[in-house]
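Visitor: Pasting a structure below so you can have a look.
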Amino acid sequence: MAKKFYIETLGCAMNVRDSEHMIAELSYKEGYEQTETLEEADLILINTCSVREKPVHKLFSEIGVFNKRKKDGAKIGVCGCTASHLGEEIIKKAPFVDFVLGARNVSKITEVLHKPKAVEVDIDYDESQYAFGDFRSSPYKAYVNISIGCDKQCTFCIVPHTRGEEVSIPSDLIVKEVEKAAKTGAKEIFLLGQNVNNYGRRFSGEHPKMNFTNLLRLVSEVDGVERIRFTSPHPLHMDDEFLEEFANNPKICKSMHMPLQSGSTKILKAMKRGYTKEWFLDRALKLRQMVPDVSISTDIIVAFPGESEEDFEDTMDVIEKVRFEQIFSFKYSPRPLTPAKDYEDQIPDEIGSQRLTRLQSRHNEILDEMKSERVGKVVDVYFEELRPGGKVAGRSDNNVMVQVDGSEELLGKIVTVKITDAGRLSNFGVVIA
Ligand code: 5AD
Ligand code: SF4
């Protein structure tokens with residue numbers, strides 16, 4: 001009988017793709033099969049996130065539970081960003097852990113599996129040209145990495161310390177991945193990197209000069225690719241050329257993630273984000289002008305050290321002006337290895353909570369205003385998921401989630417739908433073509 005592995009993935013899309021890579025390596029090189037039942041697994045993996053403190057705290061209780069529930073002889077591996085950051089400390093604190101595998105070392109999964117108490121967390125390791133096996137959790141869309149690591153030094157962020165310096169993946173390898181995915185039916189390609197529109201900053205070998213806009217053009221020329229999404233771009237690198245390609249290339253989905261972090265120029269400076277409130281507003285409003293149907297999402301941190309009421313009002317002002325379709329908002333969480341944790345004027349937790357509530361309530365009001373504007377709109381939906389009650393769900397080009405009555409025959413198809421009922425995040429519609 002084949003050996004089985006169980007995997008839990010926390011964090012961002014990059015981690016989802018890293019898990020897919022590990023699944024591919026385990027399946028093709030070691031003959032493992034995936035199971036959803038922890039108790040029958042021979043190998044239990046947790047792919048961790050370290051961006052905020054809470055999930056890191058929870059890690060040890062969670063692996064403690066795994067250890068109690070696992071079958072005799074099953075191995076436990078801790079992978080991902082917390083693995084990079086804590087390294088052997090994990091085995092010291094939880095001696096039952098069999099190996100620790102960093103976010104930049106996932107290609108070594110089949111090695112560490114056979115080395116008792118292995119700790120592979122080298123953040124200088126170059127995985128940018130490693131040919132991973134094929135595995136995708138969805139047949140309809142394919143995540144494709146375009147770079148590893150991050151060269152920015154945002155003062156709140158631990159990621160540069162867990163994923164190392166930024167290296168772009170050679171464009172011919174990216175195009176090959178995209179061709180493979182498109183051939184097997186993935187109409188949608190999701191390009192991934194910590195900072196995608198900084199593509200081409202550094203390659204590990206010889207490579208012709210190339211930027212993200214050039215890469216978008218290359219990918220959109222691949223046969224079978226109908227939709228391109230990407231995450232995360234950085235507002236600083238949103239030059240006119242990039243915005244024009246985004247607006248004019250029909251294959252690029254009209255949904256942009258623009259991580260604001262703060263609306264105050266003073267706080268943005270303390271965060272080392274490299275742009276001002278005015279630059280961000282200029283880019284976002286230009287985008288709205290160029291692509292009237294665009295949907296813009298963002299990440300916001302409240303209560304960064306030194307954030308005054310006035311600074312917070314600047315953030316509220318940006319959400320009024322941009323009217324984001326989606327906001328991922330967080331209370332600042334001091335992280336090890338980051339300069340901001342030592343800044344004076346850390347903000348008390350209650351103030352952070354109050355600001356977060358205010359931001360989220362106002363954003364919900366904005367969403368309620370926007371949802372009625374959606375009713376009656378006609379959108380092209382790429383169906384990818386069956387839902388209970390005889391429904392099928394998919395996303396429009398501009399990232400609106402829509403459900404219609406239907407079944408398997410709609411899966412993998414792009415179909416025109418009229419929105420009949422709109423909620424904040426989920427909408428209902430009828431197929432019209
Ligand atoms: N505290 C709170 N939020 C953070 N993020 C990154 N680091 C921190 C931190 N120390 C948020 C940012 C980033 C998102 C992925 O997580 O908003 O864009
Ligand atoms: Fe972190 Fe900033 Fe890099 Fe994003 S761009 S991963 S926030 S350092």
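The backbone N, Cα and C atoms fix where each Cβ goes, glycine too.
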Visitor: Name the residue, out of CYS79, CYS81, that TrEMBL lists for the same [4Fe-4S] cluster 1 site as CYS12, CYS49, please.
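Guide: According to TrEMBL, the candidate sharing the [4Fe-4S] cluster 1 site with CYS12, CYS49 is CYS81.
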Visitor: For the binding-site residues listed here (CYS81, CYS154), which one has the lowest count of neighbouring CB atoms within 10 Å of its own CB?
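Guide: Output over binding-site residues CYS81, CYS154: least Cβ neighbours within 10 Å is CYS154.
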Visitor: CYS12, CYS49, CYS81: which of these binding-site residues put a Cβ within less than 6 Å of any ligand 2 atom?
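Guide: List returned for ligand 2: none.
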Visitor: How many Å separate the Cα atoms of CYS150 ([4Fe-4S] cluster 2 binding site) and CYS81 ([4Fe-4S] cluster 1 binding site)?
Guide: 13
Visitor: Using a 10 Å cut-off, grab the number of neighbouring Cβ atoms around the Cβ of CYS157 ([4Fe-4S] cluster 2 binding site), all chains included.
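Guide: The Cβ of CYS157 ([4Fe-4S] cluster 2 binding site) has 21 Cβ neighbours within 10 Å.
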